[in-house]
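> The structure is given below, and queries will be raised subsequently.
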Amino acid sequence: MRSGWPPNLVIRGYGQYYDVLTPEGVLRCVVRGSLKRERRKTDLVAVGDRVEVRRVAPGEGVIEAVAPRTRALSRRARGAEDAEQVIVANLDQLVAVFAVAQPEPSLPMLDRFLVIAEAQEIPAVVCVNKIDLDDGAKRRLFDPYRRAGYRVVETSALTGAGLEELWSCLAGKLSALAGPSGVGKSSLVKAFRPDLDIRIGELSEATGRGRHTTTVTSLIQLDEQTFIADTPGIGTLGLWGVESSELDRCFPEFRPYLGACYYADCRHLAEPGCAVRAAVESGAIDAGRYASYQGLLEQLMEEERAEGWRRSRR
Ligand SMILES: Nc1nc2c(ncn2[C@@H]2O[C@H](COP(=O)(O)OP(=O)(O)OP(=O)(O)O)[C@@H](O)[C@H]2O)c(=O)[nH]1
Ligand SMILES: [Zn+2]
């Protein structure tokens, strides 16, 4: 935690109420009326915010002020600045969790998570779980990510392998776990907090919302300063307003080549003199990562064409 920050942390939001973890316990809070006028409505208070609170009754309080955020994971709609919705404020890192098997790893999905993290300048870590099921070959699938500079942590929630390393990655931070269903996210969290009855990705009954609601996030406390953001639906969302022109920068291993293409606005598809494609051909850039880039670029260009078309009709 940053020095000088208020110790109180927003751990859950439900409509106009927020649960705030304070040194004296959790307070159910509303937001001071005038604060609502000072800040933009969409990101007034979010899970992960550090706040000043005033206790008004046993277990109840008012959020008086919100500390400036370091960064946030947000959902952004293309072409609509105001539509940004903060999902987790002050997020230290995104941990993309995949399994070596059961389910088979989807590397295109991993690439999409990493692009979202890069675009929002959130550090990302890859966790390869169920390493106990590996025949020796599956873990190699993640080598391109190591070469691209990502930390890859191999774990087994079943045998306990790698949990110390994962802990060293999480300790003292606020991390979001993202990954497909069944890879073992809940099992990993439970390995650190066996006393908790949690299922990552599923909402508590108290929120009364459906499982696929993507707006409700809560924080799970692993120790005094270590939190996991439970961000339901993160895996099903699109690219959150990443621009096609910035996609290449979201692949860290492309960056050394980006100034070297013949055309300054090269999209690294079929243009002559493309340094990125040359690096793919020489093996310096992984072909699978490049294929993901092509797939995502097509998708983004398609969305941008559709947006341009909608605008032209307005
Ligand atoms: N072999 C093996 N099985 C595991 C491991 N971790 C979790 N599992 C099993 O995988 C299944 C899914 O685990 P969960 O922890 O519920 O997965 P999840 O990612 O939280 O899934 P959702 O809640 O659907 O998002 C369970 O049957 C676990 O017992 C592991 O490291 N090795
Ligand atoms: Zn190029």
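If you go along the chain as it appears here, the first residue is 1 and each next one adds 1.
Glycine too: its Cβ is placed from the backbone N, Cα and C atoms.
Since this is a predicted model, take the numbers as computed values, not measurements.
Not my notes, these are from TrEMBL:
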DOMAIN    80-237  domain 'CP-type G'
DOMAIN    89-235  domain 'EngC GTPase'
BINDING   N129, K130, I131, D132, G179, P180, S181, G182, V183, G184, K185, S186, S187  GTP binding site
BINDING   C261, C266, H268, C274  Zn(2+) binding site
> Count the Cβ atoms, other than its own, that fall within 10 Å of the Cβ of H268 (Zn(2+) binding site), considering every protein chain shown.
25
> Of the binding-site residues C261, C266, H268, C274, which one has its Cα closest to the Cα of G179 (GTP binding site)?
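Closest by Cα distance to G179 (GTP binding site) among the binding-site residues C261, C266, H268, C274: H268.
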> Nearest of the binding-site residues to V183 (GTP binding site) by CA-CA distance, picking from C261, C266, H268?
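Result: the closest of the binding-site residues to V183 (GTP binding site) is H268.
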> Kindly point out which of the binding-site residues N129, I131, V183, K185, C266, H268 have a C-beta less than 6 Å from some atom of ligand 1.
N129, V183, K185
> What is the nearest of the binding-site residues C266, H268, C274 to N129 (GTP binding site), using the Cα of each?
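So, of the listed binding-site residues, the one sitting closest to N129 (GTP binding site) is H268.
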> Considering only the binding-site residues S187, C261, C266, which possess a Cβ situated under 6 angstroms from at least one atom of ligand 2?
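Close enough to ligand 2 are C261, C266.
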> What residues, ordered by sequence, lie under 8 A Cβ-to-Cβ from C261 (Zn(2+) binding site) and sit at least six positions away in the same chain?
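Same-chain residues close to C261 (Zn(2+) binding site) (Cβ under 8 Å, separated by 6 or more) are H268, E271, G273, C274, A275, V276.
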